[in-house]
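This report refers to the structure that appears directly beneath it.
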Amino acid sequence: MEVLRSKNALCAYIERNREMGKKIGFAPTMGALHEGHLSLYEAARKENDLVISSIFVNPTQFNNSADLQKYPRTVEADIKLLESTGNIDAVYIPKEQDIYPNGLKSEKYDFDGLENEMEGKFRPGHFDGVGTVVEELFRQVQPDNAYFGEKDYQQLAIIKKMVEKKNLPVKIHGVPTLREDSGLARSSRNERLTPEQRKTAKIIHETLTQVNDWFRVVSIPEIKDRVNKIFEKTSGIVLEYFIIADEETLKETDFFYKDRNYRAFIAAFAGEVRLIDNKHLD
Ligand code: PAF
């Protein structure tokens, strides 16, 4: 596995492999790698000649500086893990300057309103930061296919929208969320949970599963009421939002239409750690 620690090293690597006609699969990350990331690489391995990952904690997508500071940084352990999988051909670890040569600023995007829902409401500017770094990484890595986890479903939808609107030559793939035994979605943030908080946090996935049982049987206002009550009764976790949204527009709905697909979304705080998860309703 090659470890590419600058844009120049990456460009030379990409040029070499493009000349040989290699098909490139790419999974960008912010490091603190866990099994959820490994499932992205497995998906990439099946469809590409080369699998490249990147590790870059992107400052412009954090609207809260404490969150940015506390984001786990474990690059050397990450490299060892990547090496041990045997699934990765190269990892790109850019410097800030490689991504933001003109200073830490994000582009303003119009994602047709997808950016105004959920995470967009609670984390202003977040998706402009995500769009900026992902677009720049796509331009540098030039992947044929790119892989993102469904845990960040809104991010996945927004990246698909960006690729469509900017006509970028890359196909975006969503990879199903990997879970701990308790059902808690795997996330780099889980590292910051105490054992007690980790136990409590399983309520997020349990609730989403419950909601799926109530789907189209119980009215949405009643479902919301029940979800609020579950969180009020559970100590150690605070619900930030629960919504049921149209899977395509991500607009919250108060009524189920027959021919539309829906997904339930939760964001909650376990102590200071913000966790998100979602579930397709079937
Ligand atoms: O999902 C993430 O880890 C990040 O948002 C991403 C896509 C790597 C952009 O920084």
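Glycine residues also receive a Cβ, built from the backbone N, Cα and C atoms like all the rest.
Sequence-distant contacts of His37 (active site, proton donor), defined by Cβ-Cβ distance under 8 angstroms and a gap of at least six in the same chain, are Ala27, Thr29, Ser53, Gly149. Taken from TrEMBL, the feature active site, proton donor covers His37.
Just so you know, the Cβ of Ser188 (ATP binding site) picks up 19 other Cβ atoms within 10 Å once every protein chain is counted. What TrEMBL lists as ATP binding site is 30-37, 149-152, Leu178, 186-189.
Marked as beta-alanine binding site by TrEMBL: Gln61. Secondary structure at Gln61 (beta-alanine binding site), taken from DSSP and collapsed to helix, strand or coil, is helix.
As annotated by TrEMBL, (R)-pantoate binding site applies to Gln61, Gln155. Taking Cβ-Cβ distances under 8 Å and a sequence separation of 6 or more, the neighbours of Gln155 ((R)-pantoate binding site) in its chain are Glu119, Phe127, Val130, Phe148.
Looking only at the binding-site residues Met30, Leu33, Leu178, the densest Cβ neighbourhood within 10 Å occurs at Leu33.
Non-local contacts of Gly36 (ATP binding site) by the CB criterion (under 8 A, 6+ apart in sequence, same chain) comprise Gly149, Lys151, Thr177, Leu178, Ala185, Arg186, Ser187. With a CB cut-off of under 6 A applied against ligand 1, the binding-site residues Met30, Leu33, Gly36, Glu150, Ser188 are reduced to Met30. If you compare Cα positions, Gln61 (beta-alanine binding site) sits closest to Met30 out of the binding-site residues Met30, Leu33, Glu150, Ser188.
Around Glu150 (ATP binding site), the C-beta neighbours below 8 angstroms that are at least 6 residues distant in the chain are Leu156, Gly174, Val175, Pro176, Thr177, Asn278.
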